[in-house]
Amino acid sequence: MVNLTIVNLIMIILVFCIFFCLCQEATLQATKVYIVLMEGDAVAHYKGGVLGLAATAHFFSKQGRSEYHRSEQNKDAVLAYKAHLSLQHDQILQTTFPNKSYNKLYSYHHLINGFAVQMSTEQAQVLERALGVMRVEMNWKVSKLTTYTPDFLGLPNGIWSQEGGITNAGEDVVIGMIDTGIDPTHPSFSSAGSKPYGTVSHYTGICEVAPEFPQGSCNGKIIGAQHFAAAAIAEGAFNASVQFASPLDGDGHGCHTSATAAGNSGVPVVVNGYFYGNASGMAPRARIAVYKALYRFIGGYIADVVAAVDQAVADGVDILSLSLGPNTPSGYSNVTFLNIFDVALLSAVKSDVLVVQAVGNSGPNPKTVLSFSPWILSVAAGVDDRSYPHYITLANNMSFSGMGLAPSTPGEGFQTLVWADDAALGLTNPLSSPSDCQDPTILDGSLLQGKILICTYSFDFAFGSASLQQVVGTVQTLGAVGFIMMVQSDLGPNKLDPIPFVVPAIVLTSLQDSQNLMNYYNNFTSRDSSGNVLKYGAAGRINSGQVAQYSGQCQQVALFSSRGPDVEDSSYDEADVLKPNVMVPGYQIWAAWTPIGIDEPGFQGENFAMISGTSMATPHAAGIAALLVEAHPDWSPAALASAMMTTANTVDHQGLPLQAQQLSGLGSLVVNAATPFDFGSGAVNPTAALDPGLIFDAGHDDYIKFLCSVQGVSALAVYNTTGGICSEALPGAKPTDLNLPSITIADLLGTRIVPRMVTNVASESEMYELTWTNPGDVSLSIVPLTFTVNPMQSQNLTFTLSATYTTDITTFGEVLLTGSLGHIVHIPISVMNKTVG
């Protein structure tokens, strides 16, 4: 009886433990990550007022940095205020949830006063009502959105030469890369053999050490390296053995963007033993500060990205490069400009850090930009004039173009073609069709020796497990000389970048070409009455696809590059802000890669990769900005952006408008004249940006006034999110009052007066004359028509725009300010909905 009671007791305890564990697991699974904004200033905004804590805001402008680093007392003041904020964060959590049923991930101190915490939805609702809490926003995911581009952009004989040559271009400017990390062993980031890197007094970032990221990984070129994964861990997405709990890049994306912005010059690009040229970053002497917040397979979480941005600005970076963004306008903030990420970036700008962000890869559809706010330089991707033409020539002299960085078939003769289905052994593989060429065991190797194998690019290549690299393996295993990949439907333009192949290979992207190839094959292949092949008579020669050609054409807007107009809310209402802002090359860009990278299967095991995206364009712009910072260290972020925008090219060498790639109704690639919603102000001209003549400047207070003027945004919402006060905003203020180097009006009701102010940053006085082209259905007048402005002096301009016809068709115009000393300042105008007053 006693023994039975003990057994029963043990069983009860076991059941209770299992139930408790299951409950705990269910509770954990029910929690989510939230970002909480608190009342009170962050370090970059704090001007004093808390007893015993000195002001800190003035240390984080360009003028205040040197003062901060001269005194340990100043550093102690910052540390004390940070500790004060962290204690506040802990106290509100402990007071609100005394049972500690939460997991605090980060305290944000520098740019925003807040924290990230893992808790239940019910707890988030309670915390939102707590005294001192201004806002609670759920965590959301973010996505990752060269050998030739320095020459294409005119850097060697332009801005590089004006900064003392390639060995000085970008000296001591720190670019903060928020990305997937870096491979410190890559030659693009080596400090060996270069002019020694000294210390950068304004940068205080640390270098993490891990088994895979050893001591010495930060070598001067790489000036700091950290990783941020608390939110990814809390979301259950992070595995240290896969994603690496260190700054090491296991993806490849971070290496590529870092090298594009600031990689060493003269680095040989060799893939599959073939030399493609020498690579260089835009600012080859700039420093790279690594803030890993994106990870292989999973992308990233905004709570980690905000932590990385917060730390990067606290550490003293000069520029932030963000090849990332949301998948859609954040639904957690109705106003795009007021999501917590954009607010953190606004604080970065207040600390005199230029923020450069990709616009996204959802083009060519309108309203697809994913970089929203006017304090961000939003970058579109262009296609430069380099291509890698690739052809197959048949024995009947027909030829077809395709893709593939592949060698030619040996000799000048033709090799016999064999369709994979004709080489099938009759064996079955439930996971692979013979025509996919994935499994060599189901194909007749004796038949394929020395032949060209014809395969089919099926659904499994796009959405399944089939890969082009496995086709290479099949060819090598069976002793074939190479392969042709046909398609079952048009791949479409820009859907497939050229992939390096170690064997002769070509991917046909046209369905019509594929059908013509098979028609030729069938006409020259003899079969018996059962369809069995009697004689293979079709033959062809694959030409080399490794040799670049240069057309000399100007940039075109890449098909995939996201388009404007900008949107101000999650309902996709148009904003009075121009996006994108500028365009730089982002198509088929060669740059550093990590051999363990998985982001592009075609480049696995390689040290370099050629890939496309606005992710590739963004570091081009960040590197060019670094060159401007070196030349003009006192310029504000708005001044830097203005210089790049007002000097950008909008026409080609013949004076014709730049083109934008679009899709025809049949899905084929066409080009049309580009508009500001395609490329913003135009294609960046780095050398012209170095000496823009005039700039349009703006600061933090101006951006607060802008937010206060956005329709539907309350003063309380602005205060709760930014701490800014709307009382200074004038009655009747409009978002178009913000001093941007562009004019964008979503709804022109009658007449709109738009003020602007330009500042002369040249060394001499200059007289300017204004000329313009009216947007359609809009009349435009400007006062004054001419003016003379002295160095570092400003001139007010007044633009009056009136609707002359009621329509919802968007029209575009431009204003040119032509200076007597040769400066030309370009201002794009975009007007959407118009109503005659």
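Heads up, the Cβ atoms here are built off N, Cα and C, so glycines get one too.
Features reported for this protein in TrEMBL:
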SIGNAL    1-23  signal peptide
DOMAIN    34-142  domain 'Inhibitor I9'
DOMAIN    170-653  domain 'Peptidase S8/S53'
ACT_SITE  ASP179  active site, charge relay system
ACT_SITE  HIS253  active site, charge relay system
ACT_SITE  SER615  active site, charge relay system
DOMAIN    737-831  domain 'Subtilisin-like protease fibronectin type-III'
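On the 0 to 100 pLDDT scale, the model's mean across the domain 'Peptidase S8/S53' (170-653) is 93. Across the domain 'Subtilisin-like protease fibronectin type-III' (737-831), DSSP helix (H, G, I), strand (E, B) and coil residues number 1 helix, 63 strand, 31 coil.
Here ASP179 (active site, charge relay system) is positioned 10 angstrom away from SER615 (active site, charge relay system), judged by their C-alpha atoms.
In this structure the alpha carbons, written CA, of ASP179 (active site, charge relay system) and HIS253 (active site, charge relay system) are 7 Å apart. When Cβ atoms from all protein chains are considered, those within 10 Å of HIS253 (active site, charge relay system) total 30, not counting its own. Across the domain 'Inhibitor I9' (34-142), DSSP classifies residues as 43 helix, 25 strand, 41 coil.
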